[in-house]
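Notes follow once the structure below has been shown.
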Amino acid sequence: MSASKLIVDKALRASISLGSSKIPSELAKSSAAFLSSGSTKATLPDLPYDYDALEPVISSETMTLHHTKHHNTYVTNLNAGMEKLDAAITAGDVSGIITLQGALKFNGGGHLNHTLFWENLAPTGKSSGPSGHLEACIINCFGSLDAMKAELSAKSIAIQGSGWGWLGYNTATGRMEVATCANQDPLQATTGLVPLLGIDVWEHAYYVDYRNVRPDYVKAVWDIVNWDVVAERLAAVKK
Ligand SMILES: [Fe+2]
């Protein structure tokens, strides 16, 4: 097994522990396919809905560009980075291995973050509110759903430059937390929190539809949150 294959396998297995029964199952399929095929390639996942399914909150134009151009570029560059890593490890080039870490974090994070993001959005009209254990956990940790949404919105809007807002789960404390990550830093790898709900606040996620008004985009995105996926992720991480 190649060095990069070992790394991808580890990354996929880590992703499977994200806590979502939906995302991990998809990643588990990818992992299984990856392991059985001998491939060392990450692949762009299909969206679980049509490109125009999130309108009017997110336009078909934005979704098409975001998925086929931006996410696809992270996948392409992740694969290029892993090929270089494989060569560097094979050559015993420690300096080369270290040099690649930034690109692997950026492109690997971009791939993981967007995969999570697509899954935690729901077609217009299909978003129901949180219920059951998820709702109880939110109320226990934040006081109310509105309080959680206000905190996550405010912190996401306040990110300087590009990044992500997250509702995550702290396995040490057993509590949900709001966190932000710069650029494409992946939540779990950089903070230890298990991602439950992510909001992409890179300009490429909203500029076509909202121009520079990030607060309007963040406010609107709550209308298309897939709470079932958030609940599945929480249930999986608490097992
Ligand atoms: Fe993005």
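Note: Cβ is positioned from N, Cα and C throughout, glycine not excepted.
TrEMBL names His114, Asp200, His204 as Mn(2+) ligands; from the candidate set His66, His133, the record adds His66 to that same site. On the 0 to 100 pLDDT scale, the domain 'Manganese/iron superoxide dismutase C-terminal' (130-233) averages 98 in the predicted structure. His114 (Mn(2+) binding site): 25 other CB atoms within 10 A of its CB, across all protein chains.
The number of other CB atoms found within 10 A of the CB of His204 (Mn(2+) binding site), across every protein chain shown, is 14. The Mn(2+) site, placed at the center of the C-beta atoms of His66, His114, Asp200, His204, has further neighbours from the same chain whose C-beta lies within 8 angstroms: His67, His70, His71, Phe117, Trp202, Ala205.
A sphere of 10 angstroms centred on the C-beta of His66 (Mn(2+) binding site) encloses 23 other C-beta atoms. The DSSP breakdown of the domain 'Manganese/iron superoxide dismutase N-terminal' (43-122), given as helix, strand and coil counts, is 57 helix, 1 strand, 22 coil.
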